[in-house]
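According to TrEMBL, the protein has these features:
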TRANSMEM  A:20-43  transmembrane segment
TRANSMEM  A:50-68  transmembrane segment
TRANSMEM  A:112-129  transmembrane segment
TRANSMEM  A:141-166  transmembrane segment
TRANSMEM  A:172-193  transmembrane segment
TRANSMEM  A:229-251  transmembrane segment
Amino acid sequence: MKKYWLIFRLSWQNALTYRLNFVMWRVRSIIGFLASYLFWLAIVNSNQNIAGYNPSLLLTYIFVSAFLRNLVLSNVSYGACVEIAGGDLSNYLIKPLGYFKYWLTRDLADKALNLSFFSVEIIIFYLILKPQIVLTQHLWLFLAISFLAALLYFFLSFLISTYAFWHPEHNGWPFRFLFIMLLDFLSGSSIPLDIFPPQIVKIFQVLPFSYLVFYPNQIWLNRVNTNQIINIFLITSFWLIAFYLIFRLVWRRGLKNYSAYGR
Amino acid sequence: MKLKRYLIYWLKTSELTFESLIADKLSSTLFISGKLLRFGFMLGFLLAIKEKIKLVSGYNIDQLVIFFLIYNLFDLVGQLFYRGVYWFRSDILSGDLDFKLVKPINPLFQILTSHTDWLDIPQLFIVVVILIIRLPHVAWQNVLVFSLLSLISMLILTAVHIFVAALGVITTEVDHTIWIFRSLSGMAQVPIDIYSPSVRGFLTFVIPIGLIFTFPAKALYGLLTLALIFWTIGFALVFYYLSLKFWYYSLKTYASASS
């Protein structure tokens, strides 16, 4: 446990050593949030009700999405992809260190760092923008589902990294690029998914992406009843276990295929 | 003669980039699929809300779609030609910029055009086709102004990439700068008129995203006054001049580290 705590601290030190890099990353994050917020603000200024969302619900959705982006979707474990592709994985395989736990720790450190900065930023923007925020009646359930969603995203992301075992070209980035494009939209991080026609929403419901941002957001907004909340928890847990098992299987096969290119 | 040399250089580097792309077909297919999905999702979203939203700051959804398509047009052309700036950071860190500085071709030209992004061509083709299909009847005067502002738009886009390259030389930071610009330019997927006056002012006078993406589209609808057209041309010329000045200043700070 001590060594992972050390990794956690080193991750923070590493991020804060390259301060300009970190500041620029935060600026990008803020711009992403502002772009989304201002776009929806313009829409709600001209339309008071969009698919059951009044202005305060919609703007709260954007604020909560920003939080979930920092908690769930912020992730550094894509670095595993680079290490597999470049052969650096070998360095870790011979160390008394769990590679999976190593990246989980680094991911947790990154999320903690992002969230600490995000907390200050969001308070500032709340004071400047003064939106009418809808408060949740299910704070603990929201935090619990957000934690599960973060874990689900970690498994998903790590699974994507294993692509580099078979295709190390471009550090395995092409497959991740496709994944990010899908995730950006299907997670509902900038667009509430239930704005789409019901037939399309049904497709979103069976995909794991919507359980990363959209459904946790629905819990915050009090837009789901008790039965639906139970369903959300069950489906998220199902995807979590499924991706964990798939990841273990693919990882074992990937290691057999691993030839430490570049070493 | 000089122009011919530049053309040959560009064709050669573009050919090499193309060869590297077809050498790894799976990666290229994944990249193209990702780009098409991103485009398709946003277009699908705009069409999905058509029934639910009447107007956004005076624009109907059909008009927003045209603005979105024109945004894509300029964004893709910019990436197609200037993708090289995304590779520039490694040149500064390794000192490989030295090799570009000593060649008898403008180093800026080499940096910006070193990786013609052929993977943008399929999406560009789709954007142009949809634009032709969906564009309402446009007066020839508006097409003329649109063509002129398209050139101006490219000039500003070039200047932005020069600024990013120059900042890269000074700070060794390129990736985040260009991505910040890309994130900001994403705000022009819709006309910048929908934002508050302060945001609109920022996107017009500070980071001229509105001039690059929104103004040409507004010209198509005849929504620009003559004064605004002249102002845009003047701004573009000054902005381009300043970017070159900044580039030459940045070169003075270049330490050729690691070379």
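Cβ coordinates come from backbone N, Cα and C, glycine included.
Taking every recorded stretch in A:112-129, A:172-193, A:229-251 and counting its Cβ pairs under 8 Å to the transmembrane segment (A:141-166), the highest total belongs to A:229-251. Counted over residue pairs 6 or more apart, the CB atoms of the transmembrane segment (A:20-43) and the transmembrane segment (A:112-129) come under 8 Å in at least three pairs, which marks the two as touching. Beyond the transmembrane segment (A:172-193), the same-chain residues lying 6 or more positions past its ends with a Cβ under 8 Å from any Cβ of the stretch are 36, 51, 53, 58, 61-62, 65, 68-69, 73, 78, 81-82, 84-85, 156, 160-161, 163-164, 201, 204, 207, 209-210, 212-214, 217. Nonlocal intrachain contacts for the transmembrane segment (A:229-251), taken as residues 6+ away from its ends with a CB within less than 8 angstroms of a stretch CB, comprise 100, 138, 141, 144-145, 148-149, 151-152, 155-156, 158-159, 162, 208, 211, 215, 218-219.
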